[in-house]
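K.L.:
Below is a structure I'd like to ask you about.
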């Protein structure tokens, strides 16, 4: 009898029992392939990649537990009911029974995804962590043209636009935006909500065309789930800041396509859940004063409430609680910096700039903004305007009391967290390179020239180049003494290192003499120690460097020979990655050098 013989009817084991192909799963659930795909998207079931593919490598596999999980879901019954309803409508039209068809169309079976949201995201933080794709998809459909007869319903597009504006209004109101970047694909944003970093992409405000190479049925299924998810998240976030949801907007502003500004006005009016009438406008200065005055009282009250909960036999617990209570203030320091970036600045947007993006960014960093058109809070002739955002070379009216800058200046100021000089962003001039805040220049090995300029401006803005004002005379003397001690210690270390290098050089010279068959007496006669040739010293230095490199190479070769095959492969992959990174950095430096040389040549002409 073979070793792996299994009698007929015996229960399967291993991968054959754990995984099932997609064709068998569809037959097992007794649904169509489109319904199976939609059910998997809504329930969050995805294909698996087993180590041993029993049915072959060309098939898609699912976990048997996931299929059993789908088998008992109530959505399958709803989908079957919808399928039956469509057949009834089709049959009524075929029999030319218009009344029955109208009654059936007016009462279609519906379903809700509220249960799936709680099922897939048990806590609110889990939902925030999975919000990146949701926001990108909602903002993408919000930018599509709302035209009847297209593959996307107009109601879905309006709903996506409403959800995206509600999310942006919350981010702008709570000053949670951290990074922005303009790319070819669109505009990237990164916000921090309840300690979670959320990054999403919004398309440019251009005319979108629906192509035929995109499966809109799959995308609309994702959108159906994401709309429900974002609605729940907006509801939770709005109630966390004591604002009613859904918001009731000003119909005049809504008719003028100024939904985001209407939402900001609604949130600033202070509508509390359970209260139908506005509580009045709340000034920001009063809020800041109240927060600063009650900050110490809140921390003391929290420590007093938690004092009786401390176990008596655990040392250091009070210190942990103190660190947690002060950690909230440390986290709010970043929000405070963002809140006051554009403080006391007044912006006016011309009609050619991206209005929605700037209306979202400028209030998120503490600025006041208006635009050219109806429904604007103030006109272009306002004398308090400090900056006007324009993107055309000539202006009909020029006010000497304000500065005219390009839209990139706003994005660069947000990423640098300082007010950058406006000379490089004047209208008609090519602006500086727009650097991505999502790239770590130190890790990449190449720091652009403008990034170094921004670092110097940041250091000057934060007074890092000046002595600290809190240091007194005694502290200054102590710091000078510590600096002198550190300097003497570093000199001693450098002297020891130099002596070791001299001894190593002498040892290599003696080995070289021994190989050549020379004696020490002949060496001293031919080359007296008092006479030192500069060329010989340079050659000796090069020889020392070569010996160091050879020693490092030998040590790396020995360690590599002791590795296993897998570790050696990983090391080679890492070395290839570093080599590609060096080549990329060298290419960037070469391009920078060529650009500088061409610019200097044009300047000479």
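Yeah, the Cβs are placed from backbone N, Cα and C, and that goes for glycine too.
Copying in the features that TrEMBL gives for the protein in this structure:
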- 275-299: region 'Disordered' (REGION)
- 337-427: domain 'BRCT' (DOMAIN)
- 486-513: coiled coil (COILED)
- 519-562: region 'Disordered' (REGION)
- 575-605: region 'Disordered' (REGION)
- 596-605: compositional bias 'Polar residues' (COMPBIAS)
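Could you tell me the structural context for the features on the list?
P.N.:
In the predicted model, the coiled coil (486-513) has a mean pLDDT of 72.
Per DSSP, the region 'Disordered' (575-605) is made up of 30 helix, 0 strand, 1 coil.
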K.L.:
How many of the residues that make up the domain 'BRCT' (337-427) does DSSP mark as helix, as strand and as coil?
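P.N.:
Grouping H, G, I as helix and E, B as strand yields 25 helix, 15 strand, 51 coil.
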